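Trainee: The structure that follows is given in the form of structure tokens.
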């Protein structure tokens with residue numbers, strides 16, 4: 001009798017586990033969960049809840065570790081533009097700083113513990129979302145290029161939130177989680193590393209702008225060459241049926257005939273796959289390059305930067321816009337310096 005009961009319990013447990021696995025990996029669900037989603041959902045929820053609470057009500061954070069806390073919350077007097085989740089204090093450095101490592105909750109908040117909690121959970125969730133894209137593509141028999149394209153923004157987020165703080169030795173150097181904080185990070189990064197004069201930045205700008213140009217160009221050509229399936233009194237959009245096998249626009253009329261006649265005939269592509277490939281490849285490679293540039297700068301490898309002034313054959317200085325940029329960097333460095341003293345050090349040391 002006991003043997004029969006044990007077998008029935010084992011079969012029930014096996015059935016429940018198999019049912020759970022089938023539900024997790026089922027492509028018939030309204031939202032695909034997947035095994036990566038099992039980790040993605042709780043981590044992103046934790047990051048989102050902590051971000052909202054910290055953005056609204058976090059106390060001041062001693063981000064520079066010099067007992068001069070910075071207020072970043074809405075309750076502290078900021079608006080939606082200036083508010084941000086302030087990075088973890090420089091006094092913590094790169095140490096893992098969960099709540100139980102602090103002596104009290106007030107100390108954890110004062111040292112910027114929520115920033116580390118948000119960033120680490122968010123990055124885990126982002127990379128799990130990438131894995132979820134690959135997993136769903138695999139189960140549907142699709143190729144994995146959707147996940148490859150998403151790896152660009154995932155790499156960019158990892159670069160500014162994790163790689164750069166690791167290279168600089170402190171989470172206090174990470175990107176503040178806010179609108180004004182983002183621009184603050186950009187200015188400070190430019191002042192310290194002159195990223196605008198680095199080839200990786202040029203590739204990033206070219207890729208993002210090139211992808212935006214192709215997207216607007218292709219979208220406008222598609223809208224302009226829709227195949228009418230309705231009368232003149234009805235909208236052309238009403239002629240589309242979800243899942244229809246017929247094409248909705250004339251690709252050759254838009255790209256080859258129209259675009260080819262506006263410029264060089266070679267600009268008019270005849271293959272829609274080539275257009276969509278470049279629309280995906282340009283921004284993806286560009287953002288990859290930008291993320292690589294931030295990773296290089298994180299460890300102060302500035303050898304590819306154009307920081308030197310141009311001299312003629314007689315050694316005389318030739319002013320360029322690069323020199324203006326270098327001077328601007330020096331000014332931003334002075335403004336960015338924490339607790340800056342504008343007196344000479346020897347004079348300040350006099351009794």
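Glycine residues also receive a Cβ, built from the backbone N, Cα and C atoms like all the rest.
As annotated in Swiss-Prot:
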type: BINDING; residues: 129; note: pheophytin a binding site
type: BINDING; residues: 218, 276; note: Fe cation binding site
type: SITE; residues: 164; note: site 'Tyrosine radical intermediate'
type: SITE; residues: 193; note: site 'Stabilizes free radical intermediate'
type: TRANSMEM; residues: 32-49; note: transmembrane segment
type: TRANSMEM; residues: 121-136; note: transmembrane segment
type: TRANSMEM; residues: 145-159; note: transmembrane segment
type: TRANSMEM; residues: 200-221; note: transmembrane segment
type: TRANSMEM; residues: 278-292; note: transmembrane segment
Trainee: My understanding is the cutoff is Cβ-Cβ under 8 Å with a sequence separation of 6 or more in the same chain; which residues meet that for residue 193 (site 'Stabilizes free radical intermediate')?
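Mentor: Result: 297, 300, 302, 305.
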Trainee: So which of 32-49, 121-136, 200-221, 278-292 has the most C-beta pairs under 8 Å when paired with the transmembrane segment (145-159)?
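Mentor: The listed stretch sharing the most Cβ pairs with the transmembrane segment (145-159) is 278-292.
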Trainee: Taking only same-chain residues 6+ apart in sequence, whose CB is under 8 Å from that of residue 129 (pheophytin a binding site), what do you get?
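Mentor: Those within reach of residue 129 (pheophytin a binding site), by Cβ under 8 Å and sequence separation of 6 or more, are 36, 40, 44, 150, 154.
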Trainee: Same-chain Cβ contacts of the transmembrane segment (121-136) under 8 Å, 6 or more residues past its ends?
Mentor: 27, 32, 34-37, 39-40, 43-44, 46-47, 50-51, 144, 146-147, 150-151, 154, 157-158, 161-162
Trainee: Around residue 218 (Fe cation binding site), which residues of its chain at least 6 apart sit with Cβ under 8 Å of its Cβ?
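Mentor: 255, 275, 279 - these are the non-local Cβ neighbours of residue 218 (Fe cation binding site), listed in sequence order.
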Trainee: Let's check the environment of residue 164 (site 'Tyrosine radical intermediate'): how many other CB atoms sit within 10 Å of its CB?
Mentor: 22
Trainee: Do you know offhand how many angstrom separate residue 276 (Fe cation binding site) and residue 164 (site 'Tyrosine radical intermediate') by C-alpha?
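Mentor: So the Cα of residue 164 (site 'Tyrosine radical intermediate') lies 33 Å away from that of residue 276 (Fe cation binding site).
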